[in-house]
Amino acid sequence: MRVLSGVQPSGALHIGNYLAAIKQWIPLQEKHECLFFIVDLHAVTVPYKPQDLRQNVWNAALDYLALGLDPAKSTIFIQSHVHQHAELAWLLETITPLGELERMTQFKEKSKHRQKANVGLGLFAYPALMAADILLYKTELVPVGEDQLQHVELARTLARKFNHLFGRTFPEPKSQVAKIGARIMSLADPTKKMSKSLGPAHFLAIFEPEEDIRQKIKSAVTDSGKEIVYDVKKKPAISNLLTIYSLCADKPISEIEKQYQGKGYAGFKSDLAEVVIETFRPFRRKREELLQNITEVRNILSRGAETARSIAEKTMKEVKEKMGLL
């Protein structure tokens, strides 16, 4: 089975990126043909600084490798290094109904705070590019966070439509969402998904200094009452922290609830900070090793792009023939 997924290089990866996405990629590469990419073409759909983008792409590559993606088992590459992504996106846009793009919740969320004149077409057409990302490799499984399910469904819709118009070409991809932790919430506002755009107090970067991690978790908002129990509606803040603890420690939430029965928030948060730090300490060491061998990281990305292009070229040849393009 062919698997594809990626993370946008919009800054340092946070634990939500890892727990909701990258952590579930690791076991998949043991059994399936996996392609994991850094989605830099998506990153340019909102205002950005070129120098920041370059650094963010390199950081994402280092993070991917440090967190356990294995170039011997998976294809790891940068999206813009395979030009067929943009080419297929344009062809799919010709059959994408305007209404499908208008109903996308992520576009509404990202554009609502900007004046219409400052919202680019790229942001509006973002889901068509994501569909192209998926269909270009005839992907069968897409591990994603909950917020991307709508985009995978559009890829399925466009696969069906293309197959109907031009003949059987694309499989309809299925999505896979983490059973626990599909949405890691903000430390400062548990009603919102963890995001760097909300501000430093809202997220935990995987590789930020250990003392900063301790301080952020210590300062994380809690709910009224003292009970450490999982109840998303009544205790969203503690439920979010319990989810993080569970995923980092590989312990059931029910076991953690028993462990902290009758204990207070302060001790729980102090322990959680150490669990998070200990979880990511080996990854931190691996990343430091990679920083000493940037040439090998470049070679991994180059080989990955070459492998991805070989698949993409075959798909585009078939697509063009079926669409009547010479």
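Note that Cβ sites are derived from N, Cα and C of the backbone, with glycine treated the same way.
Annotated features, as they stand in TrEMBL:
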type: BINDING; residues: Gln8, Pro9, Ser10, Gly16, Asn17, Gly145, Glu146, Asp147, Ile184, Lys193, Met194, Ser195, Lys196, Ser197; note: ATP binding site
type: MOTIF; residues: 9-17; note: motif ''HIGH' region'
type: BINDING; residues: Asp133; note: L-tryptophan binding site
type: MOTIF; residues: 193-197; note: motif ''KMSKS' region'
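Overlay of TrEMBL annotations on the structure.
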| residue | record | CB count, 10 Å |
| --- | --- | --- |
| Gln8 | ATP binding site | 17 |
| Ser10 | ATP binding site | 20 |
| Asn17 | ATP binding site | 24 |
| Asp133 | L-tryptophan binding site | 26 |
| Glu146 | ATP binding site | 13 |
| Ile184 | ATP binding site | 25 |
| Met194 | ATP binding site | 24 |
| Lys196 | ATP binding site | 16 |
* Taking the Cα atoms as reference points, how far is Lys196 (ATP binding site) from Asp133 (L-tryptophan binding site) in Å? -> 24
* Pairwise CA distance, Glu146 (ATP binding site) versus the residue listed as 'L-tryptophan binding site', rounded so that it is a whole Å -> 18
* How far apart, in Å, are the two Cα atoms that lie farthest from each other among Gln8, Pro9, Ser10, Gly16, Asn17, Gly145, Glu146, Asp147, Ile184, Lys193, Met194, Ser195, Lys196, Ser197, the residues recorded as binding ATP? -> 19
* What mean pLDDT does the predicted model reach across the motif ''HIGH' region' (9-17)? -> 88
* Work through the binding-site residues one by one (Gln8, Asn17, Ile184, Met194) and name whichever has its CA nearest to the CA of Asp133 (L-tryptophan binding site). => Gln8
